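Visitor: Annotations for this protein, taken from TrEMBL, read as follows:
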- W24: substrate binding site (BINDING)
- H54, H58, D60, E176: Zn(2+) 1 binding site (BINDING)
- D60, H164, E176: Zn(2+) 2 binding site (BINDING)
- H64: active site, proton donor/acceptor (ACT_SITE)
Amino acid sequence: MSSWRSSLRIFDISQVLRPGLPVWPGDTEFGFERTWRMEDGSPVNVGKMTMTTHSGTHADAPLHYSADGMDAASMELDPFIGQCLVVDARGVSGEIDVADLPHLDSVDRVLFRTWDSFPHDEWRSDWTPISSEAIEWLALQGVKLIGTDAPSVDPQDSKTMDAHKAVAKNAMRILEGLVLDGVEEGRYELIALPLKVGGGDAGLTRAILREIPDA
Ligand SMILES: Nc1ccccc1C(=O)C[C@H](N)C(=O)O
Ligand SMILES: [Zn+2]
Ligand SMILES: [Zn+2]
């Protein structure tokens, strides 16, 4: 009788949305205020949040990088749920290129860990972007979703957005701002559902990885 796991380990790979959350320079700071207070006699506490669509862990919608792209509410869910491969790219200098990619066999989703320790409390503009050649190669291998612990798949000063354009050309999906500290390289189940934001150029996402039972 093989032992049955009572539960599979879950890794929460999402940032905490909170005031002080580092955001893209010049973008909307995360704001939170209480609009109904129990201390004022209200039967409940209710809050109000203001934030950029690209706050913390999020999925870009095609509308972000294509003027006529679909919004976050229209994105299909399949790319965001299923088996993925976490790749440790911490040793990569410059940008992740084809030579930095592992051999892939039948994997639809690839997540890149680039930070030794995720910068929760400071904006770091020196992240490791992904080259458009690497994205094209991943698309050729059948990859449908690319995730990163960086705030963008392109460099902060990009004007041509080559990585996003390669994603658009291959109808792939993007997760950015993941927290992959402590996640070993390997295969996991990804569950990362973007908020269904009508007109949204991105969807805030609670992303998790779940261990895959030993075959
Ligand atoms: N908030 C911004 C404001 C202006 C330009 C870029 C951003 C981004 O957040 C980058 C985005 N996460 C991206 O998909 O690359
Ligand atoms: Zn984004
Ligand atoms: Zn992006």
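The backbone N, Cα and C atoms fix where each Cβ goes, and this holds for glycine too.
Nobody curates TrEMBL annotations by hand; they come from automatic prediction.
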Visitor: Taking each of the binding-site residues D60, E176 in turn and counting other Cβ atoms within 10 Å of its Cβ, which one has the fewest?
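Guide: If we count Cβ atoms within 10 Å for the binding-site residues D60, E176, the smallest count is at E176.
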Visitor: Just to confirm: which same-chain residues, 6+ apart in sequence, have a Cβ under 8 Å from the Cβ of H58 (Zn(2+) 1 binding site)?
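Guide: When sequence neighbours closer than 6 are ignored, H58 (Zn(2+) 1 binding site) has L175, E176, G177, P194, A202, G203, L204, T205 within Cβ distance under 8 Å.
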Visitor: Quick test of your reading of the structure: among the binding-site residues W24, H54, H58, D60, E176, whose CB sits under 6 A from ligand 3?
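Guide: Cβ < 6 Å from ligand 3, in sequence order: D60, E176.
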Visitor: Could you state the whole-number distance in Å separating the C-alpha atoms of D60 (Zn(2+) 1 binding site) and H164 (Zn(2+) 2 binding site)?
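Guide: Cα to Cα, D60 (Zn(2+) 1 binding site) and H164 (Zn(2+) 2 binding site) are separated by 9 Å.
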Visitor: Cα within 10 Å of H164 (Zn(2+) 2 binding site): which of the recorded positions W24, H54, H64 qualify?
Guide: H64
Visitor: Cα-Cα separation of the residue listed as 'substrate binding site' and the residue listed as 'active site, proton donor/acceptor', in Å?
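Guide: Just about 14 Å between their Cα atoms.
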Visitor: For a Cβ distance below 6 Å to any atom of ligand 1, name the binding-site residues from W24, H58, D60 that qualify, or say none.
Guide: W24, D60
Visitor: Note down the number of other Cβ atoms within 10 Å of the Cβ of the residue listed as 'substrate binding site', including every protein chain shown.
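Guide: 14, counting other Cβ atoms within 10 Å of the residue listed as 'substrate binding site'.
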Visitor: Taking only the Cα atoms, work out how far H54 (Zn(2+) 1 binding site) lies from H64 (active site, proton donor/acceptor), in Å, as a whole number.
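Guide: Cα to Cα, H54 (Zn(2+) 1 binding site) and H64 (active site, proton donor/acceptor) are separated by 10 Å.
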